[in-house]
Amino acid sequence: MGPYASLGGSGTLGALAHMQLAGVVFLGVGLWAWSEKGVLSDLTKVTRLHGIDPVVLVLMVGVVMFTLGFAGCVGALRENICLLKFFCGTIVLIFFLELAVAVLAFLFQDWVRDRFREFFESNIRSYRDDIDLQNLIDSLQKANQCCGAYGPEDWDLNVYFNCSGASYSREKCGVPFSCCVPDPAQKVVNTQCGYDVRTQLKSKWDESIFTKGCIQALEGWLPRNIYIVAGVFIAISLLQIFGIFLAKTLISDIEAVKAGHHF
């Protein structure tokens with residue numbers, strides 16, 4: 001390991017190793033989920049899904065974390081300044097991308113709202129095509145007590161829930177169970193609670209299902225939890241800044257040792 005051992009960089013190396021391990025865990029979970037769905041034996045299943053496969057996000061996070069952790073660990077162990085600069089530069093890039101996204105989202109709220117609507121509607125269409133996507137939408141609707149992008153009628157976009165006369169689905173003119181107002185007396189979830197709900201008068205919908213759209217719910221959630229959101233963003237930013245600081249310090253120390261300077 002050379003002069004690095006005397007630079008007090010064991011903490012840096014440990015943090016990088018943990019990042020790499022976390023990346024391996026994310027990759028393992030993602031690949032396992034894909035194997036369970038048979039995607040690894042038929043990769044075209046990814047392109048057939050019109051919505052987003054949540055597993056793809058897990059894999060992307062895993063790849064980024066593993067790559068950064070690997071570059072940082074090897075760079076620290078081998079005293080490779082190029083790898084350390086790659087690690088540092090990538091963290092800086094991610095930091096500024098996050099900052100830019102946050103600023104743009106604040107300045108162009110209408111555009112963000114439209115993109116989110118398109119994203120949500122696309123996933124509604126693919127609700128029954130992927131179990132992970134289905135679970136994601138159900139979790140979102142239950143947690144925010146909402147239904148559809150702007151309301152329950154958005155479920156007409158899905159071929160199974162569509163009220164069209166050409167549909168023979170048992171779920172026709174219904175909504176997923178995650179749209180249902182929970183009954184405290186029921187200990188077992190009734191997955192058929194949303195059947196035929198939209199055949200009733202609209203004035204009666206709110207007795208059995210959530211009528212607020214998820215976009216409205218999320219817009220209302222953000223102001224109520226602004227301090228939590230800000231705290232999470234600040235915590236992530238501080239961790240990234242700390243990582244940049246450690247990498248910069250390590251690069252300077254290695255350069256100083258190679259130049260023959262003494263501490």
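Each residue, glycine too, has its Cβ placed from N, Cα and C.
The transmembrane segment annotation in TrEMBL covers 12-34 (among others).
What TrEMBL lists as transmembrane segment is 55-77 (among others).
Per TrEMBL, the feature transmembrane segment maps to 83-108 (among others). Counting same-chain residues at least six beyond the ends of the transmembrane segment (83-108), those with a Cβ under 8 angstroms from any Cβ of the stretch are 16, 68, 71-72, 74-76, 233, 236-237, 240-241, 243-244, 247-248, 250-251, 254.
A 10 Å cutoff on Cβ-Cβ distances gives C179 (disulfide bond) a total of 26 other Cβ atoms nearby, all chains included. The disulfide bond annotation in TrEMBL covers C146-C179 (among others).
Annotated disulfide bond per TrEMBL: C147-C163 (among others), in sequence order.
The transmembrane segment annotation in TrEMBL covers 226-247 (among others). Within its own chain, the transmembrane segment (226-247) is flanked in space by residues 11-12, 15, 72, 84, 87-88, 91-92, 94-95, 98, 102, which lie at least six positions past its ends and keep a Cβ under 8 Å from the stretch.
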Checklist outcome for this item: Within the same chain, the residues at least 6 apart in sequence whose Cβ is under 8 angstroms from that of C147 (disulfide bond) are Q141, D154, W155, V175, S178, C179, I209, F210, T211, K212, G213, C214
Checklist entry - C163 (disulfide bond) has how many other Cβ neighbours within 10 Å of its own Cβ? => result 13
Checklist entry - Just counting, how many other CB atoms are there within 10 A of the CB of C146 (disulfide bond)? => result 25
Item to check | C146 (disulfide bond) versus C163 (disulfide bond) - Cα distance in angstrom | outcome: 20
